[in-house]
Amino acid sequence: MSYAYLFKYIIIGDTGVGKSCLLLQFTDKRFQPVHDLTIGVEFGARMINIDGKQIKLQIWDTAGQESFRSITRSYYRGAAGALLVYDITRRETFNHLASWLEDARQHANPNMTIMLIGNKCDLTHRRAVTTEEGEQFAKEHGLIFLETSARTAHNVEEAFINTAKEIYKKIQDGVFDVSNESYGIKVGYGGGNAGPQTVKPGEGGAAKSSSCC
């Protein structure tokens, strides 16, 4: 299947906030409660439709550990969108957002669209960060904001697609030079290998972790 545009995404945030689970829910529509800890960077892809145009999302899921931050930073370059994820049940993951955002702003292109995601919103009884706090952080830093649950799929589609809509709007407004692929946008040529292909998260050598929801 051909596509009009390809958008590159990066998913960032602390270890265990559910980055890999969000990707798996979006690409495969399934939840994996026990998930391999991401080592380095993993990859997924899916086709979506915006305004009647086929858009291919190419999504890089990064490791949250500090030891992999240098690898993660190299993927900021050439990303049109970023999903910055925290866990609403773990206050420290919210407190670390400023550091992640600083990294993104320092290493990414200045027009990258950033979606702030408060994940695991199904665990309301364990909530440690209010929705209002997430909204306020997003407002202060010019981010889009949603709360999601990779377990129930709540708002997962919306998180990825709304980010793409914002990128598409920037293209329409002339913000991006789409001939420059360093912006994380590639114009499609109707090639034969444009269909949704996913390298499923968890494949490859990794250590087991059950902290993903």
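In case you wondered, yes, glycine gets a Cβ from its N, Cα and C as well.
Values in this document were obtained by computation on a predicted structure and should not be read as measured data.
Positions annotated as GTP binding site by Swiss-Prot: 13-21, 61-65, 119-122, 149-151. Swiss-Prot lists 35-43 with the feature motif 'Effector region'. The feature region 'Disordered' is assigned by Swiss-Prot to 194-213. According to Swiss-Prot, the feature S-geranylgeranyl cysteine maps to Cys212, Cys213, an assignment based on similarity to another entry.
Taking the Cβ of Ser149 (GTP binding site) as centre and 10 Å as the limit, one finds 23 other Cβ atoms among all the protein chains shown. The binding-site residues examined here are Gly13, Gly16; by Cβ neighbour count within 10 Å, the least packed of them is Gly16. For the recorded site, Lys19 (GTP binding site), the DSSP three-state label reads helix. Note on the motif 'Effector region' (35-43): mean pLDDT across this stretch is 60. When Cβ atoms from all protein chains are considered, those within 10 Å of Asp61 (GTP binding site) total 26, not counting its own.
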